[in-house]
Structures are given as C-alpha cells and as structure tokens.
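What follows is one structure encoded as structure tokens, with my remarks underneath.
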Amino acid sequence: MDWMLYCRYALELALLYPAAAVCYLPVRERLKVRRDALLVAGGVSLAGFILLGALVCVELNLPSNALLLPTLAVAFGCYYRLVDCPLDRKLFAFFMATAMMAICSLTNAVLTVRLADAQQVDTLAESALCLALAELMVALYARRMAPELKWLIDECDDERLWRAAWAYPAGITVLYVLLMSATPALPANGARLAGLLATLGLSAVVLTLAWLFLKYAREATLNARLARENRLLTVESRRYIELRAYMDETSHLRHDFRQHLRVINGLAEAGRLDSLREYLRQYAGALSEERLTLCANAAVDAIAGHYEMCAHRQGVATEWKLDLPARLSLPEAELCVMLGELLERALTECAARPAGQRRLCAICRMLSPAMLGLVVEYSCAAGPDAPAKSESVDAVERLVSRYNGQFVVETEGDLRRVNVLLNL
C-alpha cells in the first residue's frame, strides 16, 4: 500500500473535524444528548471514518471526493437526530459548514495548482495546507459568526426568513464544488496569481454577505421584539388609564356620599319608598361598575383586561383564572403574545355563535416552579375541525417550541380548548 497516498487521503478526509466544529458551535446548547458524550463519541467516530475512508480510497483507487455525497447524507442524518431545533435552522447551520469547507478546498486548489499537469495528485503538503486553512477559517468563524448564528437560532422566529436563508450556504457549496472540479492547469505564474486573487475576492464577498445577513437578521429580530413590547406597553398604558379613571370615579362617589345620605334621608322621611328604591338601585349600580384586577402580574393583567372589555362589547361571557405571581421566570412579553393571540382567536370564533351562547374561559397558572400551563376554552362553530392555520397560531406554536412545550387543540361539539404547556 502507498502510505504517502494513504496519509494524503486521511488529511483530506480530516476536513470533517473543522466541518463538525462549524456545525456544533451554533447549536451546542440544543443537543439532545450530553455534550461531553457527544464530543467523545463524535471524535472517535470521525477518526474511524477517516482511517477507513482513506483505506477505501487507496485500495479502490478512488478520489476522496467520491465519498463526498454519502458522507454528507450520513452527517446530516446524524445532525438532524442530535440537534433540537427546527429543520430550516439545522439546514442553515449544516450548509454553513459545507460552504466554508468548500471555500477552503477551492482556495487551496488554486493556491497549489500544478503548472503542467492538472491531473497530477496533490502532495501530502498540499493536503496539510488545506486542513490548516480550514482550521484558520473555523477559528475566525468561532470568534465572529458562530455567536451571531447561535443567537439567531435561539431568538429569531421569522419562519419566512429561515425558509429562504438556508438556500444561500447550500448554493455557495454547490458553486464552489463546481468551480473546484473545473479548476484547470494554469499556464503561468501570473495566471495562477490572478486565479488566486479572484478566488480570494469571491470568498471575501461570500463571507461578507453571510455576515451581513446575520447582522440584518439580528436587527430584524430585535425590531420585532421591540414592536411586541411596544404593543404590550400600549395595552398596559390603556389599562392604567382605565384604572385611573375608575379610581377617580370612585373617589367622586365617596366624596359625594354625604349628599347621597341627605337624599336618602329625605326620601325616607317623605315615605316615597319607590323613589328611594330606584335611587338606591342607581347608586348601587354606579358603585358596582368595578374593573377588577384579573392577575397579580401587571402585564398579564393588562392583556386580560383589554380582552375582557372586548368580550364585554361582543356579549361574550368570560371567566378568568390567572393565578400567576407578580414576577415570572420567562419574558412577560412572550407570555402576553401567546395569551393575546389565543384570546384574539377565541373572540373571533366566538362571534360566529348566536348571542347568549358565547363564552370564554382562560386559565393560566404555574404547575411547578419549572412548568407553566395555559388553557383557553371558548365557544365555536360546531364541528370537529381544529382552527385553520394562521399567522397568530403559527406565532404561538413557535414560542411554545422554543420552550420545548406542547400545543394541543381539542374540539368537543361547539366547545374548543387550546392547551399550552411550557417548560421553563
């Protein structure tokens, strides 16, 4: 066996190590297995695959690229099963790794291209140089791009953005593989230098665009979060104004209490009992128009109070059981988004029921210090079908999946129940 050729193939296949690092860094907090166990098992498995793959290439006289497609298929299958995040995020992180390794391979191919025979195999030093380029790129990626991508995977819920984003690194991978397979023997040092400069320029543009995308996506995510928080603050402000108006009204009623006593006393002394009853009924009605606090948490109370008024205007009977502490262990804005979207959907479906048959019940409480339950039950048009998919339902499902929770819709006759369970 040609041991020099075997070592060259082993070094080429060793690109799997930096590729695995690029895949691992942005999802290291989302693994389905223990991190240390994965690192040990992954390192040993890759070493075995590299040694065996190099042997197969030598014995069958195959180029290492012959193992490219089956290796990618097996690698993505393992990645899919080991990482706990939506498919489009996995695709983006995975193809970022393949794109970066393709950039390294093409740069190395142009840098070390032969002047006479394009078909001559690479030397051991050339394979080692390619591996060194990959390690350098991984170091830069780990410092600059991996933290941004990790943050986006954890925080960005824009499904339209993710569905389109993974196509960029996938397309770059295909482009560089095609360029690498078409790299000719360059006739002169000047042509080789021009090819190298063109390759480096293209790679710089590709990586810059990827970096700009990550920055843009981060800003878009932060803007969307600020918009949600602003809507919540608007609702809280409206709730505060309502409570302030109620307090002022109550203060005026109590201030005028002596005048009311004089009127009551005058009607009683005159024996006008019917007028007295009517006056007391009006006065009691004015006092009973209370705006109760529905939840100890101010943000949730504001959302519930807003939809309580909406339900009252639509003639929907409501029941609130919001047993939450003043401070929550999850962002209030996210819980309020879920509750608000579900209540909005519930009131829309309640409107399809005849007057007098509209009801809404919302229950939210801590099931344990690390688990929160939310149930929204409401009247709906009779039928077994779950509510049609909408942007509001998708938004709730995305937030639930972020907490590894459950989102279940049940329908019994004209009653629909939405169950949400969050693991905090």
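From the backbone N, Cα and C atoms, a Cβ is placed for every residue, glycine too.
Range 62-80 is the one annotated as transmembrane segment, of 62-80, 366-384 (source: TrEMBL). Taking TrEMBL as the reference, the stretch among 9-27, 123-141 described by the feature transmembrane segment is residues 123-141.
Counting Cβ pairs under 8 Å that are 6 or more residues apart, the transmembrane segment (123-141) and the transmembrane segment (92-111) reach 3 or more and are in contact. Long-range neighbours of the transmembrane segment (92-111) within the same chain, counting only residues 6 or more positions beyond its ends whose Cβ lies under 8 Å from a Cβ of the stretch, are 15, 18-20, 22-23, 26-27, 72, 75-76, 79, 83, 126, 129-130, 133-134, 137-138, 141, 145, 149, 153, 162, 165-166, 169-170, 172-173, 176-177, 179-180, 183, 192, 195-196, 199-200, 203, 206-207, 210.
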